[in-house]
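Enquirer: According to Swiss-Prot, the record shows the following:
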| type | residues | note |
| --- | --- | --- |
| DISULFID | CYS76-CYS101 | disulfide bond |
| SIGNAL | 1-23 | signal peptide |
Amino acid sequence: MKRNAKTIIAGMIALAISHTAMADDIKVAVVGAMSGPIAQWGDMEFNGARQAIKDINAKGGIKGDKLVGVEYDDACDPKQAVAVANKIVNDGIKYVIGHLCSSSTQPASDIYEDEGILMISPGATNPELTQRGYQHIMRTAGLDSSQGPTAAKYILETVKPQRIAIIHDKQQYGEGLARSVQDGLKAANANVVFFDGITAGEKDFSALIARLKKENIDFVYYGGYYPEMGQMLRQARSVGLKTQFMGPEGVGNASLSNIAGDAAEGMLVTMPKRYDQDPANQGIVDALKADKKDPSGPYVWITYAAVQSLATALERTGSDEPLALVKDLKANGANTVIGPLNWDEKGDLKGFDFGVFQWHADGSSTAAK
């Protein structure tokens with residue numbers, strides 16, 4: 001009996017120690033597209049989050065506690081995003097890095113706000129997200145209201161086209177950016193011949209290409225993602241159309257070159273700066289390459305910065321309450337791989353720079369002149 005009692009007591013102690021160890025893990029939901037047409041953007045996000053968590057834990061974690069990433073796939077689909085958000089609530093996770101697409105982030109954010117969960121999005125750029133008075137929603141990405149004017153300024157001052165078409169994919173991200181560019185161009189009395197939408201996932205753009213030729217369009221701005229832009233470029237060049245194309249960071253992806261081939265050469269794209277070329281980030285670049293991950297994608301770094309920001313607030317406050325972390329970040333900012341970040345009361349960054357780049361057929365890019 002005594003031996004059995006000792007065994008039971010030892011088992012109870014081991015179980016208690018096990019539960020204590022489990023309690024020391026700080027779970028962080030990482031949500032993005034593992035599937036769907038823009039899963040490659042999700043790859044950037046997950047790679048950035050994984051590397052950030054790995055690096056933070058290697059330095060001792062949060063006061064000795066480890067960050068644990070729990071990954072979810074929303075496919076950049078609004079309905080799936082809502083299901084994922086509810087799953088995160090049921091899983092008892094207090095912090096979310098994600099979502100990536102504006103169209104999936106906004107409905108998910110309603111749930112996080114209601115449940116008091118902190119969400120830091122590294123990719124949702126639509127301004128509406130943070131204009132609803134929510135207290136638990138932040139982002140490390142710049143806004144369409146900044147990226148759009150950057151594109152418009154370059155179009156007006158450098159390209160100086162005569163006849164412009166603006167096209168979008170009818171989604172929150174793409175249409176929002178297209179309207180922002182249109183506003184900038186119209187304010188300067190530029191000749192925007194037409195503004196029209198296509199359907200995301202569409203592959204046959206023969207009617208659109210014919211319209212561009214008929215209207216003598218010499219410049220196209222497309223608000224959307226790389227699958228459609230790649231098809232547009234390939235089909236336009238196949239019929240001899242030499243119109244200049246431009247898009248946002250959603251088109252700046254190596255997969256675009258796989259779709260468009262040589263037709264990708266010379267496309268213009270607005271993107272964040274190349275954080276992988278910052279000497280201060282060389283150690284992270286080397287670690288990513290050693291793990292056979294591409295360090296060049298912007299969302300690798302913007303997501304890494306989102307995780308860093310969360311970790312900074314957890315370490316600095318010693319609190320696990322989401323609202324306390326939000327208040328700390330808004331008051332004190334965070335130093336990250338993309339530079340020092342400071343947020344306004346809405347949860348938007350006070351400054352985020354976009355540049356204009358020229359895309360090349362091999363999937364690389366260089367600063368546009």
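Keep in mind that glycine also has a Cβ here, set from the backbone N, Cα and C atoms.
Tell me about the surroundings of these features in the structure.
Expert: DSSP assigns CYS101 (disulfide bond) to coil in the three-state reduction, outside any helix or strand. Taking a C-beta cut-off of under 8 angstroms and a sequence separation of 6 or more, CYS101 (disulfide bond) has the following same-chain neighbours: ALA33, ILE38, ASP74, CYS76, GLY123, ALA124, GLN171, GLN172, TYR173.
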